[in-house]
Structures are given as structure tokens and as C-alpha cells.
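Asks: Quick one: the structure is below, questions incoming.
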């Protein structure tokens, strides 16, 4: 993914307008763990940017004709991941959108490649304690149907964080008003896309996207 500068006609525009112009037809993709707030923040971010919001999990359920827990139970996780990759590819091909991805979507190489090509990615980074508090009462998380959900969450974070960290922008997901986090997303997008500032790990090349070799 490449840092952008806005055209002179964008000077004086609101940050939201400038970000959409700098996206130049690309989508925004929110990545991160279950319970990080990707759908909640994504809807509000899309409204602020006047872009269409799409929840990948909802689209997967629509395409499969069954809820995600049933897909896992009936067909297994590999089958689910295959369908997830196809749905995300279709959605990104039809962009620009604000896309909330599933927690494990970026585990697939082809999905990481598609996100790097067609989207600017935002990692909503949440601590294990925050995630557990948000999801512990929900029965629609098949990967948490274990004897020790807290240990499962910590294991998944450890496995996935090296990939999440490759996102273009990182925003801490914590228990503050949603609009604060949306404001941070827009501010960081504006700095990265419109002012050419690096907003992720300072050691990382700003032209890099998701590593598709992992």
C-alpha cells in the first residue's frame, strides 16, 4: 500500500472528505480479534465517511444460508475459511466500502493479498481482558466454545498479532465512547493518506502492506 498526497483541490476540505478522496476508490478494512469492535466502529466510520458499510460475517451467513456456528459445526473451519476468502474477494472487488472482517480472515494468504491490493487496513487492537468481557456472554463464537475461553483468547491473540500488526494503521480498542475511536481512525487515516506521515510501527516501510508469505 502506498502513502498518498492530496491534490490542491482537497486543501481546506474536511478530514473525512480528504480521506475519501485520498482513498481513490479503495476500501477500508477493519481487522482484529473478535470483540474488538470492528462492526460497531465500522458502521460509525462508514457513516462519517459516507461510505457503504459491509460486515463480512453477515455476508458469509447470507451466502451459506446458515449462521457461522452452524457452518463450523457442519463443515469445519477450513470450509468456512474457504468461503470467507471468496466472500471478501467479492466484496472488495465491488468496493469502495468500509469492511469489517472476521477475526481469522487475514490468516489466509489470498485474503491478505487482496486487502493489500484493494484496501487500507485498520487494526483495532484490543487486550484479552477487554475481548473476554465483550464476548463471554455470546454463543455465536465457535472458537470460544472451550473449557477456558480466556486462555483461548490469549492463544489466538499470540498467534494472530504478528499478522494484525502488518495493517496500515493501528488503533487501540478500549472502553471509551465509540466516536472517540472513530475520530482516531479518521485522524490517523488523514495523517497517513493526506499528509504522508507514517502512523504504524516506525520501523516499517510505509509502502508495505500485509505480508503474503506468512
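Every residue, even glycine, has its Cβ placed from backbone N, Cα and C.
Got these off Swiss-Prot a minute ago, pasting:
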type: BINDING; residues: 35, 36, 37, 38, 39, 40, 141; note: ATP binding site
type: BINDING; residues: 39; note: Mg(2+) binding site
type: BINDING; residues: 57, 81, 103, 160; note: substrate binding site
Asks: Report the nearest neighbour of residue 36 (ATP binding site) in space among the binding-site residues 57, 81, 103, 160, comparing Cα positions.
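Replies: That would be 103, nearest by Cα distance.
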Asks: If you count the other Cβ atoms within 10 Å of each Cβ, which of the binding-site residues 38, 81, 160 comes out on top?
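Replies: When each Cβ's neighbours within 10 Å are tallied, 38 leads.
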Asks: Give me the Cα-Cα distance between residue 37 (ATP binding site) and residue 81 (substrate binding site), rounded to a whole Å.
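Replies: Between the Cα atoms of residue 37 (ATP binding site) and residue 81 (substrate binding site), the distance comes to 21 Å.
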Asks: Consider the binding-site residues 38, 39, 40 and say which one has the Cα lying nearest the Cα of residue 103 (substrate binding site).
Replies: 38
Asks: Could you state the whole-number distance in Å separating the C-alpha atoms of residue 81 (substrate binding site) and residue 38 (ATP binding site)?
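Replies: Distance (Cα to Cα, whole Å): 18 Å.
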Asks: I want to check the contact list for residue 57 (substrate binding site): same chain, sequence separation of six or more, C-beta distance under 8 angstroms. What comes out?
Replies: 39, 68, 100, 102
Asks: The record lists 57, 81, 103, 160 as binding substrate. What's the largest Cα to Cα distance among them, in Å, rounded to a whole number?
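Replies: Binding-site diameter by Cα atoms for substrate: 18 Å.
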Asks: List the same-chain residues at least 6 positions away in sequence whose Cβ sits under 8 Å from the Cβ of residue 40 (ATP binding site), in sequence order, or say none.
Replies: 178
Asks: State the three-class DSSP label for residue 40 (ATP binding site), counting H, G and I as helix, E and B as strand, and everything else as coil.
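Replies: SS state of residue 40 (ATP binding site) = helix.
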Asks: Can you tell which of 35, 36 has the least company, meaning the fewest other C-beta atoms within 10 angstroms of its C-beta, among these binding-site residues?
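Replies: Relative to the other binding-site residues in 35, 36, 35 has the fewest Cβ atoms within 10 Å.
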